[in-house]
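J.: The ATP binding site annotation in Swiss-Prot covers Gly11, Arg72, Tyr73, Gly102, Asp103, Gly104, Ser105 and is backed by sequence analysis. According to Swiss-Prot, the feature ADP binding site maps to Arg21, Ala22, Val23, Val24, Arg25, Arg154, Gly185, Ala186, Asp187, Lys214, Asn215, His216, an assignment based on sequence analysis. Annotation comment: Swiss-Prot describes Asp103 as Mg(2+) binding site. The substrate binding site feature in Swiss-Prot is assigned to Thr125, Ile126, Asp127, Arg162, Met169, Gly170, Arg171, Glu223, Arg245, His251, Ile252, Leu253, Arg254. Taken from Swiss-Prot, the feature active site, proton acceptor applies to Asp127, supported by sequence analysis.
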Amino acid sequence: MKRIAVLTSGGDAPGMNAAVRAVVRKAISEGMEVCGINRGYAGMVEGDIFPLDAKGVSNILSRGGTFLQSARYPEFAKLEGQLKGIEQLKKHGIEGVVVIGGDGSYHGAMRLTEHGFPAVGLPGTIDNDIVGTDYTIGFDTAVNTATDALDKIRDTSFSHGRTFVVEVMGRNAGDIALWSGIAAGADQIIIPEEPYDIKEVVANVKNGYLSKSKNHHLIVLAEGVMHGEEFAAQMKEAGDNSDLRVTNLGHILRGGAPTPRDRVIASWMGAHAVELLREGKGGLAIGIQNEELVEHPILGSAEDGALFSLTEQGEIVVNNPHKARLDFAALNRDLSN
């Protein structure tokens, strides 16, 4: 394989640039040429493809976001979009692709491989919701950013004797809420993976003020449960009479310089992706499990360790869907009592 390409797709995540840098420099060391694809699959279809060299990826290791930019492009799920993208890849002499992104990005990598273009997926999302890996690129940075914000919110919460509901990103996964909540000493953490009783939430707030002689209360809410304002309204309906405020950390969690951990795992995965393509291997996703690099087929059977399967109707289903660590949820309950 003489020329490969790299793209970032879906929501941006700190560490994506580190992965791109590793792909480029590892490929060059292996005597391969590398192209960057701007704006993910949209840029592939439109032919927004350009050569990359070592100088082009210098000074991006510590930058947040993705210098290749990203875009959601649902049209690539259709055969017409895939064929247009493949036409552009052939036009630029590209023989393999490294795809950095989430579930939807993996589906695109799977389709490319089916059409004869080996593609390797790297888990790039702050949500940490990709199957086949303990950690995704960007998750550690997002947790650090959220924890820093929660520490600051606790300061003002204490100063004014208030209850705060802090909504954090994560899509349908509660990992960011859980990890940052424990790190910040949250009084309650509400995540999609674990049911909650709003009356119990309110009772915990009241008990915290009364029995613990605390003058403030911090609740971390994963966006996959509901929005913060809606949750606060439920609390008021259930009898909460505290001085309640709502804060949504929003997209701040996607930005900022990646942590050393995110830089290292992104570099590790990016370099390994090149090794797989050099061997002509595609249709694989790289992950980290028990601090070791692992590879899983993107499409296949659950028994074979594949991340996704196809139903008889041709629908893509997730094998062994990701779940937040509920033992961590139990830990938080023990520590907040």
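Even glycines carry a Cβ here, placed using N, Cα and C.
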J.: How big is the substrate site in terms of the longest C-alpha to C-alpha distance among Thr125, Ile126, Asp127, Arg162, Met169, Gly170, Arg171, Glu223, Arg245, His251, Ile252, Leu253, Arg254, in angstrom?
T.: 33
J.: In whole Å, how far does the CA atom of Asp103 (ATP binding site) lie from that of Asn215 (ADP binding site)?
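T.: So the alpha carbons of Asp103 (ATP binding site) and Asn215 (ADP binding site) sit roughly 43 Å from each other.
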J.: So which of the binding-site residues is most packed in, judged by how many other Cβ atoms lie within 10 Å of its Cβ, out of Ser105, Thr125, Asn215?
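T.: Per the Cβ count, the most surrounded site is Ser105.
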J.: State, in Å as a whole number, the widest CA to CA span among the ADP-binding residues Arg21, Ala22, Val23, Val24, Arg25, Arg154, Gly185, Ala186, Asp187, Lys214, Asn215, His216 given in the record.
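T.: So the maximum pairwise Cα distance among the ADP binders is 54 Å.
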J.: For Asp187 (ADP binding site), name the DSSP secondary structure in the helix/strand/coil scheme.
T.: coil
J.: Quick one: among the binding-site residues Asp103, Asp127, Asp187, which has the most Cβ atoms sitting within 10 Å of its own Cβ?
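T.: The residue with the densest Cβ neighbourhood is Asp127.
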J.: Do any residues at least six apart in sequence from Met169 (substrate binding site), in the same chain, have a Cβ closer than 8 Å to its Cβ, and if so which, in order?
T.: Ile126, Asp127, Ala142, Ile176, Glu223, Leu249, Gly250, His251, Leu253, Arg254
J.: Taking only the Cα atoms, work out how far Ile252 (substrate binding site) lies from Val23 (ADP binding site), in Å, as a whole number.
T.: 27
J.: So for Gly185 (ADP binding site), how many other CB atoms are inside 10 Å of its CB?
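T.: Result for Gly185 (ADP binding site): 14 other Cβ atoms within 10 Å.
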J.: For Arg245 (substrate binding site), what is the secondary structure by DSSP, using just helix, strand and coil?
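T.: Strand, per DSSP.
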J.: Where the distance is taken from Cα to Cα, which of the binding-site residues Tyr73, Gly102, Thr125 turns out closest to Gly185 (ADP binding site)?
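T.: Closest by Cα distance to Gly185 (ADP binding site) among the binding-site residues Tyr73, Gly102, Thr125: Thr125.
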J.: What is the nearest of the binding-site residues Arg25, Gly102, Ser105, Asp187 to Arg171 (substrate binding site), using the Cα of each?
T.: Gly102
J.: Arg72 (ATP binding site): which of the binding-site residues Val23, Arg25, Asp187, Asn215, Arg245 is the nearest Cα neighbour?
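T.: That would be Val23, the closest of Val23, Arg25, Asp187, Asn215, Arg245 to Arg72 (ATP binding site).
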J.: Measuring Cα to Cα across Gly11, Arg72, Tyr73, Gly102, Asp103, Gly104, Ser105, which the record gives as the ATP binders, how far apart are the two most distant ones in Å?
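T.: Those residues reach a largest Cα separation of 13 Å.
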